[in-house]
Amino acid sequence: MIGIHIFISLFILFIVRVLGTPDGTITLFRGNGKQDTIEDVQKHLVSISARYNSDSATLQDYMDAQYFGPVSIGTPPQSFKVVFDTGSSNLWIPSKRKFLFCIACKFHSTYDYKESSTYISNGTYISIHYGTGKVRGVVSYDNVSIASLMVKKQGFGEMYKLSIIPFALSKFDGILGMGFPSISVNALPPVFVNMVHQKVISLPVFAFWLRRGSNSNYGGELHLGGIDSSRFSGDIVYANITSQTYWQFDMDAVQVNGVSMGVCQSGCQAIADTGTSLLVGPTSEINYLNSKLGAKKNLLGQYYFPCSSVSSLPSVSFVISGTKLTLTPENYIMKMKGICLSGFYGLELLRPLWILGDIFLTKYYSIFDMSSSPPRIGFAVSAD
């Protein structure tokens, strides 16, 4: 038995070395992204629909994105708060170029190219459209730092026209997309891809440890260049990426209390999206799932449960690579002002997709691995 334990310990050590420890760790913060009202949830559904029903890669109202962290751009560094989003691929921040004419810019930190000795002019027009607004500006190049990691000559959107709604009210300044290059507006290489090419990090791997339900604004951590094995427990479940656009993969089944239901039959496609708060699927299948859970529908078409019954509700499992990844009622119920809403929402998209948002990603540590061919995504139970 001692020999077996030694073998297991060496094997675990080998796995950790292969995956690496992070070259950089970024503390994430929670903003006002938490849905406090039913209306907030409705707005978020509109934004998700806009994102995945468009050919543009970055269509989403990020008012509901919960997790953001610091980056700096230029020399000397200018600091910004950005959403780290696996569902898009561009970096953009507000600009000081036309500050007098940009009302939303006045509520945020703005980039001043005149103050940076490493700024490189480009001037190509860039426009990114959202479900409830858009941002416009020019492409610029400068050094971008996340924690202690610096990417040189990174292309980004220097935006001098931001829609007042929603961006004047957002708690973050911009977006840093962590999707694949194929969905990048203006074909600008994503920051993480440039990190890999410039050998800023040891391994082309990043991972999210997201927190939910905390009273503080501490939202978790983003690990760059490896994983932090102290932030999860148990085995890592991997799935190969099936489309190098979003982080999309095969999902085998959806089960209620371990029994397969009439949803995701014969398998389906799923996406891990840190920019989405909910867990979304095809409308007919989500309606069926909610009905099997015993949820009732309100006048707005949303499913809810009596809060007194939450503890007795069944678990829901998502089978990935043959392994059940289970959510308990405490994971998939959203409590707001005495109402217990289901976190499962249906949307009719251009193609049938399940979008595993923060309801799922706060339960499972998520690993985004570009080192393999094809790239792969991994999940393990998050540590408390």
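Any Cβ shown, glycine's included, is placed from N, Cα and C.
Record features, source TrEMBL:
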{"type": "ACT_SITE", "residues": "Asp85", "note": "active site"}
{"type": "ACT_SITE", "residues": "Asp273", "note": "active site"}
{"type": "DISULFID", "residues": "Cys307-Cys340", "note": "disulfide bond"}
{"type": "DOMAIN", "residues": "67-380", "note": "domain 'Peptidase A1'"}
{"type": "SIGNAL", "residues": "1-20", "note": "signal peptide"}
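Within 10 Å of Asp85 (active site), counting C-alpha to C-alpha distances, fall the following of the recorded positions Asp273, Cys307, Cys340: Asp273. One residue stands out among the active-site residues Asp85, Asp273 for having the most other Cβ atoms within 10 Å of its Cβ: Asp273.
Cβ neighbour count for Cys307 (disulfide bond) (all protein chains, 10 Å cutoff from its Cβ): 12. Across all of the domain 'Peptidase A1' (67-380), the predicted model scores a mean pLDDT of 93. Within 10 Å of the Cβ of Cys340 (disulfide bond) there are 19 other Cβ atoms, across all protein chains. With respect to their backbone Cα atoms, Asp273 (active site) and Cys340 (disulfide bond) stand 23 Å from each other.
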